[in-house]
Amino acid sequence: MNSLIKSTKFLKKTNIIRSYCTKTNNNNNTNITKNVLSEIEKEKLKRQIIERIIRVDHAGEFGAARIYEGQLAVLANTKEGPLIREMADQEKEHQAKFNQLIYEKRVRPTILSPIWNVAGFGLGYVSALMGKEAAMAVTVAVETVISDHYNDQLRQLNDAGIDDKELKETIKKFRDDELEHMHIGIEHDAELAPLYKPFSELVKVGTKTAIWLSTRV
């Protein structure tokens, strides 16, 4: 009888241990699954951030190059012509780099490129018709917004823990180029343009809107 009681107790303990081990294993498996899913979501988010950055920067550099081309259509043979051409050539270098990145990283370009093609050239052309001061005012406004945008992107990459050295170095270099263009515009009488402040603010709003749309569409 005592032997039977001991056997029964032993079986109960064994079942309890088995149940505990099963629950523990299930919990461990659940935690592992959650961790794997969490890592997948993190990588997916990082990929989305990179895609958005490359898409909008690709569009932005294309638009900037078109602005300078529009200005050159009017001012190519003036004293400011060579300077504008130099800035245009830099923007084309930026555009070529993002053409490379958009291909290598398989990023879908914005569907709005045909609009930025016309709008960029039109803004450059009309501002140049208003005078070289207005053309430089456009340069200052656009490059101010773009350089700030590049700084925001660098912070976003750091906050998300994205260690893409090529992309970061590209953004840093291009930001510095845009800041140089901004200073060139100021040095060449941008602030003497008619209605400089409201005109500049209007261009900035338009540029920010283009950035917002190109990031998403």
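Glycine is no exception: its Cβ is also placed from the backbone N, Cα and C atoms.
Positions annotated as NADH binding site by Swiss-Prot, on the basis of similarity to another entry: Arg52, Arg216. For Arg216 (NADH binding site), the same-chain residues 6+ apart in sequence whose C-beta sits under 8 angstroms from its C-beta are Arg52.
Among the features that Swiss-Prot reports, Fe cation 1 binding site is placed at Glu61, Glu91, His94, Glu178, with the record citing sequence analysis. Around His94 (Fe cation 1 binding site), the same-chain residues six or more apart in sequence whose CB sits under 8 Å from its CB are Glu61, Ala64, Ala65, Phe174, Asp177, listed in sequence order.
Shown in sequence order, Ala64, Glu178, Leu179, His181, Met182, Gly185 are the residues of the chain, 6+ apart in sequence, with a C-beta less than 8 angstroms from the C-beta of Glu143 (Fe cation 2 binding site). For the recorded site, Glu143 (Fe cation 2 binding site), the DSSP three-state label reads helix. Here Swiss-Prot flags Glu91, Glu143, Glu178, His181 as Fe cation 2 binding site.
Taken from Swiss-Prot, the feature region '2 X approximate tandem repeats' applies to 49-217.
Annotation comment: Swiss-Prot describes 49-130 as repeat '1'.
Taken from Swiss-Prot, the feature repeat '2' applies to 131-217.
Each of Gly60, Ala64, Ala65, Gln90, Glu93, Gln95, Ile146, Phe174, Asp177 belongs to the same chain as Glu61, Glu91, His94, Glu178, is absent from that list, and has a C-beta within 8 angstroms of the C-beta centroid marking the Fe cation 1 site. If you draw a 10 Å sphere around the CB of Arg52 (NADH binding site), it holds 16 other CB atoms from the protein chains shown.
Ranked by Cβ neighbours within 10 A across all protein chains shown, the binding-site residues Glu61, Glu91, Glu178 are led by Glu178.
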